[in-house]
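Record features, source Swiss-Prot:
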type: BINDING; residues: C137, C140, C157, C160; note: Zn(2+) binding site
Amino acid sequence: MSKKSLSEDAQEVFRAIALIELGARMQVLESELTLSRERMIRLYREVKGVSPPKGMLPFSADWYTTWLANIHASLFYNTYRFLRDEARCSHLDALTKGYRLYLEHCRHNQTEPVLDLTRAWTLVRFFDANILQLTPCCRCSGKFIGHKHDLQHNVVCDACQPPSRAGKTKKAAAAKRDAQPQLVEVQHAANDVETIAVESLAAVETVAPGVFEEAVLAA
C-alpha cells in the first residue's frame, strides 16, 4: 500500500471538515474518505464540539417519494447531476457543492431545508444502485425522483400537483396558533384607540361647544 503524501492527507482532512460542517454522519465519512476512524472522530469533536451521534442511517427509498421530500430531493439531485456530468466535478465535490447550493436556495426562498446531508448522500447511493430514477413531469417537463419501475408517461410531479394536505404541517398549525393571540391584541389595541379618541372629542366638545362644527365649516 503506497503512503499518501502530505498534500493528499491535507486534502482528505479538508474534505472531512467540509462534510462534518454540513452535518455528515460518521458512516458517510468512513465511506467517502480514507482517514482512520480515530482521526475522523477527533475532527468531528473539534468541528462540532461533541462526539459523533450513533445509530442507523436512513435506509428507506420511500421517504424520497413523499410529496415535500420529493420536491427537495429532486432539486438537490438535479443540481448534483449537473455538477457531476456537466461541470465535471468529482462525486464528493458534487455532493458538497450541490448540497451547499440546495441550502442557499432554501435560505433565499425562506424555506426550511427538508433534506440533510446524510439523506442527500443516501439518495445518491440509491441512484447508483438503480433503486431510484428521474421521471419527467408531463406538465413542467422537470425531472423528479421516482422508483425505478414506476410509470414514465403522463406522470405529474408533486410541485405541479401537490396533495390536498400540502402546507398543513404541524409547524404551520403552530404558527397559526401563535399568531391568533397577537391578532386579538391588535384588535383590542385598535378598540382602545377608538375609545380614547371618542372620549377626547367628547371632552373637547364639553369644554368648547361648537369648535368642531366651526372647524368643519371653515374647511
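Just so you know, glycine gets a Cβ as well, placed from its N, Cα and C.
The structure, with features from Swiss-Prot marked on it.
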residue : record              : Cβ within 10 Å
C137    : Zn(2+) binding site : 18
C140    : Zn(2+) binding site : 12
C157    : Zn(2+) binding site : 23
C160    : Zn(2+) binding site : 12
Please report the three-state DSSP label of C140 (Zn(2+) binding site).
coil
Once C137, C140, C157, C160 are set aside, which residues in the chain still have Cβ within 8 Å of the Cβ centroid of the Zn(2+) site?
C138, R139, S141, G142, F144, V156, D158, A159, Q161
